[in-house]
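As written in TrEMBL, here are the features:
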DOMAIN    6-427  domain 'Major facilitator superfamily (MFS) profile'
TRANSMEM  7-25  transmembrane segment
TRANSMEM  45-67  transmembrane segment
TRANSMEM  79-98  transmembrane segment
TRANSMEM  104-129  transmembrane segment
TRANSMEM  141-161  transmembrane segment
TRANSMEM  167-188  transmembrane segment
TRANSMEM  241-262  transmembrane segment
TRANSMEM  274-293  transmembrane segment
TRANSMEM  305-324  transmembrane segment
TRANSMEM  330-350  transmembrane segment
TRANSMEM  362-389  transmembrane segment
TRANSMEM  395-414  transmembrane segment
């Protein structure tokens with residue numbers, strides 16, 4: 001409990017930052033549709049632009065996130081949190097001023113560029129901060145609490161959007177982004193990282209030392225693709241975690257890229273209905289991660305909790321895809337109380353395969369792999385969504401792209417069954433990799 005109290009400023013930082021990001025989610029679909037296809041419930045251009053944004057953002061994040069993780073291990077978590085938290089404020093400021101067509105395009109370009117350097121970075125840096133300060137035996141429960149804090153901000157953000165005008169929504173988002181940045185800089189202490197890179201009595205030694213020496217590398221101090229490949233080769237568990245992370249993100253991004261457009265075209269949902277669904281999802285996620293996960297994970301084990309979460313993730317996507325009445329999406333959303341188990345367990349398993357001084361790198365690698373999924377998923381699913389929501393669909397199945405996302409989640413579930421609990425690897429130091 002003392003450790004959790006010591007992380008209170010981190011929890012509040014994550015809550016405020018996520019609130020600023022989540023409050024705009026219910027409104028952005030209506031803003032996009034109004035700017036691009038005013039008066040219509042179906043807009044292929046909006047779907048394609050959303051998919052292109054996700055793919056470009058994923059490409060940038062795939063390159064940036066391992067670097068952010070590396071620099072956070074070197075210069076500290078707090079220093080690296082400053083950049084993404086600052087960048088994320090500017091897109092909301094644009095739409096807080098105006099939401100006309102040209103301002104929307106300005107927002108689109110700015111949010112794409114800033115997301116390339118910031119999307120997902122605050123979350124994985126927060127997880128690395130937790131890993132620095134919490135022992136392995138309690139890490140999965142605290143990761144779950146961290147995700148529960150984010151889910152709580154999701155609830156409050158969407159609940160607030162339910163009662164705010166569109167203009168006020170973006171104004172509040174910009175203000176809360178600024179408050180979260182100031183709070184973090186003033187009150188969050190720097191993480192207590194272990195400064196000895198290769199301490200013999202460390203919980204887990206550095207896995208990356210197994211990489212071959214690189215005599216001809218331009219930037220010897222920076223992580224490379226070879227480092228990632230070596231990490232995947234030397235740790236079968238980490239490799240399986242990476243595969244699960246990839247397919248889970250392919251599924252989740254595919255779902256989010258088309259779900260709101262599907263609901264708007266099929267059932268004429270608007271900002272308020274979107275907010276209601278997200279509130280249900282957030283409440284279910286908060287209950288799951290703040291109450292159920294800390295109780296069930298020590299009893300069942302992270303690996304089984306991961307598989308259970310992925311099975312229900314697959315199930316709720318299939319239910320979305322075949323929704324036949326407006327109440328069905330609400331029922332499907334309730335399943336997220338169990339589906340939300342997956343990502344905290346996945347991150348915890350990954351963190352235990354890496355030494356205590358390389359948590360930023362480990363979480364950065366996983367986030368980079370997830371970013372690669374952000375490239376693949378829109379390229380695959382956005383054209384499908386646009387096609388099956390149009391009048392030119394080869395057969396009538398508006399939720400076909402969502403069902404395909406569910407199949408990707410099923411692949412992640414099958415792969416997760418193969419992950420076994422094993423002791424973390426115990427030979428190697430990142431310094432030897434860099435200075436053979």
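Positions of Cβ are set from backbone N, Cα and C atoms, glycine also.
Note: TrEMBL annotation is automatic and uncurated.
When pLDDT values are averaged over the domain 'Major facilitator superfamily (MFS) profile' (6-427), the model yields 78. For the transmembrane segment (104-129), the neighbouring stretch richest in Cβ pairs under 8 Å, chosen from 7-25, 45-67, 79-98, 305-324, 362-389, is 79-98.
Counting Cβ pairs under 8 Å to the transmembrane segment (362-389), the stretch among 45-67, 241-262, 305-324 with the most such contacts is 45-67.
At the 8 Å Cβ cutoff, the transmembrane segment (330-350) and the transmembrane segment (79-98) share fewer than 3 close pairs (sequence separation 6 or more) and do not count as touching. Most Cβ pairs under 8 Å to the transmembrane segment (45-67), among the stretches 7-25, 79-98, 141-161, 167-188, 241-262, belong to 241-262.
Panel annotation: around the transmembrane segment (141-161), residues 3-4, 7, 11, 14-27, 123, 126-127, 130, 134, 169, 172, 271, 275, 278-279, 281-283, 285-286, 288-290, 293-294, 297-298, 340-341, 343-345, 347-348, 351 of the same chain, lying at least six beyond its termini, place a Cβ under 8 Å from a Cβ of the stretch. Tertiary proximity for the transmembrane segment (167-188) is limited to same-chain residues at least six positions away from its ends with a CB under 8 Å from its CB atoms, namely 9-10, 12-13, 16-17, 19-21, 23-24, 27, 78, 81-82, 85-86, 88-89, 92-93, 95-96, 99, 160-161.
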